[in-house]
Every structure is written in C-alpha cells, then in structure tokens.
Amino acid sequence: MEVAMVSAESSGCNSHMPYGYAAQARARERERLAHSRAAAAAAVAAATAAVEGSGGSGGGSHHHHQSRGACTSHDPQGGRGSRRRRRQRPEKKKAHHRQSSFPHCSDLMPSGSEEKILRELSEEEEEEEDEEEEEEEGRFYYSEDDHGDECSYTDLLPQDDGGGGGYSSVRYSDCCERVVINVSGLRFETQMKTLAQFPETLLGDPEKRTQYFDPLRNEYFFDRNRPSFDAILYYYQSGGRLKRPVNVPFDIFTEEVKFYQLGEEALLKFREDEGFVREEEDRALPENEFKKQIWLLFEYPESSSPARGIAIVSVLVILISIVIFCLETLPEFRDDRDLIMALSAGGHSGLLNDTSAPHLENSGHTIFNDPFFIVETVCIVWFSFEFVVRCFACPSQALFFKNIMNIIDIVSILPYFITLGTDLAQQQGGGNGQQQQAMSFAILRIIRLVRVFRIFKLSRHSKGLQILGHTLRASMRELGLLIFFLFIGVILFSSAVYFAEADEPTTHFQSIPDAFWWAVVTMTTVGYGDMKPITVGGKIVGSLCAIAGVLTIALPVPVIVSNFNYFYHRETENEEQTQLTQNAVSCPYLPSNLLKKFRSSTSSSLGDKSEYLEMEEGVKESLCAKEGKCQGKGDDSETDKNNCSNAKAVETDV
C-alpha cells in the first residue's frame, strides 16, 4: 500500500495526501532515480571497456554505447511512454551481467547491428528481474500513461484455469486505491472510489479530510463515536442509505451525521425514516427594511424588548376574551343578555316576562351598550389590528394564509362581525316573527361557540403548545390507526352485546346503534355506568370489550410519547445552544471577528490547530492583553481589572 501511494505521489496523482508527506515521497523518488542513472552509466562504461578490450570495431561501438548511455540517463524523465517501477539493483550485479553478455554479441554480430542486440538482451534481463521483484513485492507494480494524466495500478493475480500456474494482469484506476480510516482506535479500510461518490462530504472531499491525515501511520484518524461509523461507512458503500445502529442514541448519531457533513437532505431523510416529521424551514424575512422590523416585532417575540411587550399584550387580550366568553354563560348574566338580544331583534313575545321586559325597555339597554359586548369589541379591535399588520408585513401572502395559526386568527375574528351584522339587520328590519327570531338565536349561539378557538392563539406564544402540535402532526398515522381500531371494536362489541341482551326485557340495548355509546365508553375505559349489560353473556362481552380497548389504546401510545420526547428535547437543546452561543466569551475586549467565528462554530471544538493559533493570537492582540491596560496604571477601575483577568484566563485555556 505504501509503495503504491509513494509512486503515485511522485507522478502527481495522489492529490489527497498532505503536502509534507508528499514532499518526502518525491525526495525519495528523486534519490532512487539518481542511483538508477549512476548504475546505468557505470554498467554501460564497463560494457564498453570490455568490448574495446576484445578487439573489433571499437570506435563505432564506443560511439553507439555513448549514445545509449545518454539515452538511458535521460529516459526516466520522458523517454518511454510506459515505465515500470522497480527497486534499486546493486551496481556489481548489473556490471557482471553486461560484461558477460556484450563480448559474445561483438564476436557474433557485425558492428552495425550490435546496438540492437545489446538493447534486446538488456531488456530481456530487466524484464526477468522485474518479474522476480514483482513476485517478491506481492506481484504489484505501478504505471503511468504517456501524458501523465491517468494513474493506474496493475496487479498480477494467479489464474484459476487449471493450466498449471501463470498470472493474469489486472489494471485498477486511481480511485480504487485503498484508504485506512482510524476511528478512536478502530480501523476501517475502504476504497477511494467509495468515498468519492459523495464529494461534498467530509470523507469524500480530499481538502476537507486532509487535516485528519496521520503521515506516520498513513491513515486518517477521527476521535469520534466508533459504533456510529459503521453506519457512516455503509452510507458511502450503499450509495446513500443511512441507517442508525440500534446501540447508538438518536442524538449522538445525529451529531455524527453533522460532523461528517453528509448533508441536510440525508439528515432529513434519516429523521423521516425514524418516524419524525420534517422540520419547518425558517421563513424568509421581508426585503423591505420597514416591513422587516414590523414582521420581527409581531412574529418573533424573542427578537427585541418591544416585541416581547407586544407578545405580553396579545396574551392578556386573549385571556380576557376567553374569560368573557365563559362569564357570559353564567345564569345571572345569560338571562339578561338573552333578553337584550330579544329586544334588539324587535320584540319580546315568548321570550320576555312581564316584570323584566318593561324594566329593560325603560332603561334603554341594547346589545351595543352591553358590558360584555364592549369588552368583546375592544378585544376584536386588537385582534384585527394585529392580523392586518402581520398580513401587511409578511414576506409571502400565499404562505401567510396557508399557515394554520393565521387561519385560527381569522376564525376567531369572523364570529364578532357576523353577530354584529345580524344585530344591525334585525334592528333595522324590526320583528319578523317568533320562528325567525328563534332561528337567529340558534345561528348566533353556533357562531359564538366558534370563539372558543381563540384559545389556540396562545400557541403562538407557548412553546408547550407548539410541541404538542408538532407531536400530533408527527403522530397522525398512529392516531388514524387508533381511530380505525376503535371503530372496528365498536362495531363488533356493539353487535355482540345487542344479541347477548336481546332476550332481556329490561335491557338498555334496544338496538345496535344504541350500543355504540356503551362500546366507546367501555373501550376507552371510562365507564359512565348509564348503560350496562345484565345477562351473563352480556357481561362476558363487556369484559372482552374492556380488554380489547386497553390493548388497542396501548399500541400506538409509545410512538406518540417518543415523538413528544423528540420535539421536547430538540426545543431544550436549541435553547441551551442559544444560551451557550450568546455567553461564549465574557471578556468585552476580545476582537469582534474572533467572537463571531467562535460563536458560529457548530462543533464542540475548534477542530484545527490553525484555529487554536488564531484564537490565541486574537487574545494576545486584544486590548485586555496589553501590558499598559492590565498592569500600567494604578487608577484602573475594578471592571477593567476583572476584564484583564478574564482575558488572561481565556489565553491560558487556549
């Protein structure tokens, strides 16, 4: 492995290797080439001397040998199109072979073809020696094409055809090079082409992973969670399938996925496979600066102090509206309000008694001077103002009206205007009959009931309600299964208890639909007791119904609880991360760009030695580290001394 990597680096193929290690490899390669040239020159000189000593055409032979010597010394830099890497041969061995071979060639062949014969004999000897060296080195050698653009590895594998031995040559491209990854002492080995499938990730990008390379051990070292890396490596091997090991917690594996930079798409798909919904993307802010400030003021209470004040006012108005909605249903307030509404409708036949009607008519009470109506009007004015302002400043009208919270705002406002329009129409049109008045009262009661949805407006300012909403959205499939199982159980046990109680004259189950209520109450383990079986068969059916209800409800509950825990812990971690980011460094004299870089770091460590050095340099260059500030003057305030102490403490930690 090391031989292949060194050879490839000498030709400029292994761009993923660190610069220092590559420079050492190139130096060793240049030294090897220098020894090869010296050995070749010595061998040619010895062969030339032997030929001249034996007689013959010495001048022409000397001229040819000199030419070949020059060519041989220049060949490693650009002579052949395909060169084979071999080890350094002893100089005496080469000299011996050439002295024993060249004299015979000069005796047998004419001087004009002597150079050709010498070259053939020399190449045959070199090929034989190369084959022996390849067998000793594991039958592995390196080759490069004419232009140096493509690096490849050739492996001689034994043939399995039963023909008595032999080897077959197999060529591998540069990406098939094997790479060793050490994760906290556990070594993994894979091919470079496997990691290159995802070039944007930490392991797939040569520049990103270079900082973790250990040149002494020729491997990449990561001080990370070991069980998680099995799934990380499988992500590359499988082409993008990310599966969490059962022995790794969800939050730890999520941190590992973020560290290896597998991407947001892979992380979102992994969370979906785990049963969680996609996180909502942050909505873009308006481009206009004025609209942006208004949007932050009404939409994000944590953005500023005025925004928190507006949020508090909104919560108080919502609570007042809900309290008024509940108080107006009390008997002492409900009777007077119904009478006022009847008078506003233009008559009081059938609705007003003889004592209350003259009193209300003489006092001039109408729906418009009712205290509950006045308070309700004030609340609606605030809700309408808030809704219109947010609609004006929103970055996208389409997304604004698709938001469930904005739909709740519209539903909570509309009943007031419908009620107001109905009252005005009745006052102008006068009484149109008792039947029409009764219908108007029924419609108004339904519309007033819709106001109860205002309580969901609190979820805009409550993290707990938001977590509950996310949990229900993530558990829609489980809730659907629960309702489906309950529906099947209600049908089965309602039919069974009806036929079990059919012969009992005093039974409560007169029909199967009458038994639906009993089945629902029994399966949910509520048990009001208003309907109960009397016969033995009915009691047996009731027992089975209760057991089936417990099992049906218990099955999807763990999934719902798991979703709630996930969203709750995620919200808690976000709050802790925000606090740690805001309180990263307490010394006010540190450079702002240094603090910004430190706070923007998503990892628990700065990760690189250069960043540590930059941190240390920034602390030293800060005002706190100056001797004149920390030591010079005696009239420094206590705050300055504390800041200087903090700066020195930070410098020591770095």
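Each residue, glycine too, has its Cβ placed from N, Cα and C.
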Inquiry  = If I look at Swiss-Prot, which residue among Asn182, Asn353 would I find recorded as N-linked glycosylation site?
reply    = Asn353
Task = Answer yes or no as to whether Swiss-Prot lists Gln428 and Arg570 within the same topological domain, that is, on the same side of the membrane.
result = no
Key: transmembrane segment per Swiss-Prot - which of 216-236, 405-425   = 405-425
Key: Among ranges 29-36, 269-276, 277-284, 525-532, whichever one Swiss-Prot labels intramembrane segment   = 525-532
Query = Do you know the DSSP helix, strand and coil residue counts for the compositional bias 'Low complexity' (39-52)?
reply = 14 helix, 0 strand, 0 coil
Remark   = Taking DSSP helix as H, G and I and strand as E and B, the region 'S4-S5 linker' (463-476) has 13 helix, 0 strand, 1 coil
Message = Six or more residues beyond either end and a Cβ under 8 Å away: which residues meet both conditions relative to the topological domain 'Extracellular' (499-512)?
response = 518, 530-535, 537-538, 540-541
